[in-house]
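Everything below concerns the one structure shown next.
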Amino acid sequence: MQITVLGAGAWGTAVAAQAALRHPTLLWGRDPAQMAEIAATRRNQRYLPDADLPARLVCSGDWDAALAHVSARAGTDADANGAGLVIVATPMAALREMLARIPQGLPTLWLCKGFEAGTGLLGHEIAREVAPQLACGVLSGPSFALEVARQQPTALVAASQHESVRDAAVRALHGASLRVYASDDPVGVEVGGAVKNVLAIATGIADGMGLGLNARAALITRGLAEMTRLGLALGARAETFMGLSGLGDLVLTATGDLSRNRRVGLRLADGQTLAQILAELGHVSEGVYSAGTVLERAGRLGVDMPITAAVVAVLQGGLAPRDAVAALMQREARAES
């Protein structure tokens, strides 16, 4: 099985390292110099400096070579194990471009989480627009890139309407340290991956303010309710949000100190400006970029998301963290739902 991973950030590098343990794998990045350095040092010094990469992982900045690697056997083997797989590991902002450039015959997964800025679309909706014939899906779940690259135990979910894509994801990545479950609810899996980033910022704010473990538990639980309401309005199944891509990813991102979104919340509570925080992080924090889009999409659907609304107000500078917490606590009493 031939695998190409498009995007040499931390997560793309980690997934490529896992895939290379079992299959011929190529990691592609936009910067040929960076890819040459990764190939020579077997480390991604910019995004994942603390993980050694397998010697058999091929690194390239050549787009044509990346597609040729995975196209060589796709569709030519009677044995399904010979089919190739493309894994898109770019930020959400580049997913549309990537999907439009991938040949329609190649099974494809994306790793990015969030709603597309401007359109408010999820990944599967973008795919429907730009590559309607592409067999594709999403790989998501509670996972920090460094732990995956170091082969620490992790469980993910591959969601697609195409059984061939789900099967390819399991064949490509399921192994001793990585379990991959299959799902046919990409909507639910994507909503979970998008909303948990915003909720992690909220939890980071609460923890940074020293509000205690009770407050953390309340935010995670009520945040899960927000996530589920939005997902149901978009056509997802409720049970998906109790799985890896919903509750699992939310708990990890909201409580794990490797989470960039959580760190944004912690620093906002400490009085730093958003500009200062993003400059210091140096990497993408999807929750910052997707929070407003999540709230806008929810508004169009008539879905109430008070925690998300509070995060957006803080990120936009219209509300201090302490005032946001006070506003949430002063909401009218209601039945739990």
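Note that the numbers count up from 1, one per residue, in the order the chain is shown.
Any Cβ shown, glycine's included, is placed from N, Cα and C.
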The sn-glycerol 3-phosphate site in Swiss-Prot includes LYS113, GLY141, SER143, LYS196, SER259, ARG260, ASN261. Which of ASP249, ASP270 is also listed there? ASP249
Out of the recorded positions GLY141, SER143, LYS196, ASP249, ASN261, give me the one sitting nearest to VAL284 (NADPH binding site) by CA distance. ASN261
Please name the residue among the recorded positions LYS196, ARG260 whose C-beta has the most neighbouring C-beta atoms within 10 angstroms. LYS196
By a 10 A CB contact count over all chains shown, which of the binding-site residues listed here is most packed: SER259, ASN261? ASN261
Greatest C-beta neighbour count within 10 angstroms, which of the binding-site residues ASP249, GLU286: ASP249
For LYS196 (active site, proton acceptor), which of the binding-site residues TRP11, ALA145, ARG260 has the nearest Cα in space? ARG260
Might you list, by sequence position, any residue in that chain lying six or more from GLY141 (sn-glycerol 3-phosphate binding site) with a Cβ less than 8 Å away from its Cβ? THR154, ALA155, LEU156, VAL157, LEU244, SER245, GLY248, ASP249
Filtered by Cβ under 8 Å and at least 6 apart in sequence, the residues in the chain of ARG30 (NADPH binding site) near it are ALA8, GLY61
